[in-house]
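Below is one structure, written out as structure tokens, with a few remarks after it.
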Amino acid sequence: MNVRDEGKTTAEKHGGGEENKSPENKWRFNSPLAQVSLMGFVCFCCPGMFNALSGMGGGGQVDPTAANNANTAVYTAFTVFGLLGGGFYNVLGPRLTLAAGCSTYVLYAGSFLYYNHHHHQAFAIVAGALLGCGAGLLWAGEGAVMTSYPPPHRKGTYIALFWSIFNLGGVIGGLIPFILNYQRSSAASVNDSTYIAFMCFMFAGVLLSFGILPATSVIRNDGSRCSAVKYSRPSTEAAAVLRLFLDRKMLLIVPAAWASNFFYSYQFNNVNGLLFNLRTRGFNNVFYWGAQMAGSIAIGYVMDFSFKSRRARGFTGISLVAVIGTIIWAGGLANQHGYSLDKLPEKKLDFKDSGIEFAGPFVLYMSYGLLDAMYQSMVYWLIGALADDSQTLSRYSGFYKGVQSAGAAVAWQVDTRKVPLMSQLIVNWSLTTVSYPLLVLLVYFYVKNDNDDDSNDKV
């Protein structure tokens with residue numbers, strides 16, 4: 001049976017009629033493809049550029065302390081608003097939620113432009129706290145769109161599409177400091193033009209967010225609609241979010257959520273930041289985020305097409321990420337034996353001048369990006385397999401991002417307090433390793449095959 005025939009069957013299950021007829025125009029603004037793609041470009045402009053800025057190590061500054069403290073503020077606030085973001089999304093709808101979230105990214109980049117001249121941390125820390133609030137809103141909206149708008153049997157493909165567009169922002173964001181600081185091979189911090197360019201992209205993200213449609217306006221190619229959401233009162237949403245702490249499905253995801261951003265401070269500050277000079281950090285980030293695009297596409301294919309059984313695809317995806325993750329972290333262990341905070345490299349690596357010495361750390365850093373995308377895309381696929389309506393999934397995504405941010409807030413302070421680099425690496429490796437068997441249990445007990453019941457036909 002082809003895809004079109006499947007769509008007709010789905011429509012018939014829900015009564016047929018005009019509402020469930022397949023749209024004649026497959027290239028529509030209200031299609032899941034257009035909406036997920038637009039969501040990708042919103043994140044391209046805002047968190048994509050934020051990732052590129054963070055990936056410079058220390059926010060592009062010679063001393064990472066201000067950036068570490070600002071990031072701690074970001075993720076502390078994100079912990080709260082990540083949990084509540086689904087409630088805001090369900091009350092405000094996608095456009096207001098996303099626009100409010102995106103606007104805080106512009107302020108954050110502007111705070112580092114200010115810091116470039118005045119070296120006062122207060123503005124960066126306050127802007128970081130506001131960004132944490134905004135990021136909670138943005139990612140709750142993103143999670144609902146990405147996991148509930150696509151058809152159930154193609155969620156991995158749409159996650160890969162989103163992740164590729166989103167991480168293209170990191171690629172372009174890596175090119176910005178690389179190009180604007182190319183002739184400054186001995187510079188310690190990026191110039192003003194770099195921060196201004198980031199701010200322009202982030203403001204574009206604010207404008208794009210107004211194009212995201214509510215779930216009830218999105219029509220799939222088979223004529224089915226996404227689950228209609230009856231927006232709830234804040235008190236109702238607060239109670240629903242609190243109940244997630246007793247939800248066994250969410251408890252099994254907690255270690256993966258905690259681990260999924262914990263390693264950023266180590267990778268950005270202590271691999272890219274300590275081993276490479278300024279312009280090479282931007283060069284490296286192009287490939288770090290480019291590898292994320294490849295990783296998301298690869299794992300998306302596995303999670304959607306490797307086996308007919310959804311559960312088998314889940315087990316296969318987790319196993320593949322576990323094997324690749326073990327290999328990459330083992331490579332990181334070998335690399336970490338070469339330096340420490342007490343014994344830093346005498347000269348930082350340059351992509352043009354360091355020759356073969358540059359290759360090993362560069363490939364490792366790029367591999368970290370590959371693993372990050374595979375790991376997070378896998379977890380998002382699992383979350384998407386637990387439900388099909390945007391209200392539930394916005395809460396699940398908000399819970400995931402909230403726990404993720406709590407871990408990141410701790411990680412940035414771990415780095416600020418100069419914890420030995422080898423200890424940081426071992427903790428990062430251990431956290432991801434612990435999460436794999438728990439995700440296997442999640443699939444075993446709570447992920448159902450497409451034909452187990454009719455829940456996956458919900459429209």
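Each Cβ is built from the backbone N, Cα and C atoms, and glycine gets one as well.
Under the heading region 'Disordered', Swiss-Prot lists 1-26.
With a cut-off of 8 Å between Cβ atoms, the residues of this chain six or more beyond the transmembrane segment (38-58) that come close are 64-68, 71, 98, 101-102, 105, 108-109, 112, 131, 135, 138-139, 142, 145-146, 161-170, 172-174, 176-177, 190, 198, 201-202, 204-206, 208-209, 211-212, 264, 268-269, 272-274, 278, 281-282, 284-285, 288-289. Annotation comment: Swiss-Prot describes 38-58 (among others) as transmembrane segment.
Residues or ranges marked as transmembrane segment in Swiss-Prot (evidence: sequence analysis): 73-93 (among others).
Residues or ranges marked as transmembrane segment in Swiss-Prot (evidence: sequence analysis): 96-116 (among others). If you look at the transmembrane segment (96-116), the same-chain residues 6 or more away from its ends with a CB under 8 A from one of its CBs are 42, 45-47, 49-50, 53, 59-61, 66-67, 70, 74, 85, 88-89, 123-124, 126-128, 130-131, 133-142, 189-192, 195-196, 198-199, 202-203, 205-206, 209-210, 212.
Within the same chain, residues 39, 42-43, 46-47, 50, 59, 66-67, 69-86, 88-89, 94, 97-98, 100-105, 107-108, 110-112, 114-115, 162, 212, 394, 397-398, 401-402, 405 sit at least 6 positions outside the transmembrane segment (122-142) and bring their C-beta atoms closer than 8 Å to a C-beta of that stretch. What Swiss-Prot records for 122-142 (among others) is transmembrane segment, and it gives sequence analysis as the kind of evidence.
Residues 33, 36-37, 39-41, 43-49, 51-53, 55-56, 60, 142, 146-147, 190, 194, 197-198, 201, 278-279, 281-290, 292-293, 296-297, 299-301, 303, 373, 376-377, 380-381, 384 of the same chain sit 6 or more residues outside the transmembrane segment (159-179) yet have a Cβ under 8 Å from a Cβ within it. Annotation source Swiss-Prot lists transmembrane segment at 159-179 (among others).
Residues annotated as transmembrane segment in Swiss-Prot: 195-215 (among others). Outside the transmembrane segment (195-215) by six or more residues, the chain places 29-30, 35, 38-39, 41-46, 49-50, 52-53, 60, 93-95, 98-99, 101-103, 105-106, 109-110, 112-113, 116, 141, 144-145, 148-149, 169, 172-173, 176, 180, 225-229, 390 with a CB less than 8 A from a CB of the stretch.
Packing against the transmembrane segment (251-271) from elsewhere in the chain are residues 54-58, 64, 68, 71, 75, 245, 332, 335, 361, 364-365, 368, 372, 375-376, 379, 382-383, 399-401, 403-408, 410-412, 414-415, 421, 424-425, 427-428, 431-432, 434-435, 438-439, 441-442, 446: each is 6 or more residues past its ends and has a CB under 8 Å from a CB in it. As annotated by Swiss-Prot, transmembrane segment applies to 251-271 (among others), with the evidence given as sequence analysis.
According to Swiss-Prot, the feature transmembrane segment maps to 287-307 (among others).
Residues or ranges marked as transmembrane segment in Swiss-Prot (evidence: sequence analysis): 314-334 (among others).
As annotated by Swiss-Prot, transmembrane segment applies to 355-375 (among others), with the evidence given as sequence analysis. Under 8 Å from some Cβ of the transmembrane segment (355-375) lie the Cβ atoms of residues 163, 167, 256, 260, 263, 267, 271-272, 275-276, 280, 284, 287-296, 298-299, 320-321, 324-325, 328, 331-332, 335, 349, 432, all in the same chain and six or more residues away from its ends.
The transmembrane segment annotation in Swiss-Prot covers 425-445 (among others).
For the transmembrane segment (287-307), same-chain residues at least 6 beyond its ends with a Cβ under 8 Å from one of its own Cβ atoms are 48, 51-52, 55, 153-157, 159-161, 163-164, 167-171, 173-174, 272, 313-314, 316-317, 320-321, 362, 365-374, 377-378, 381.
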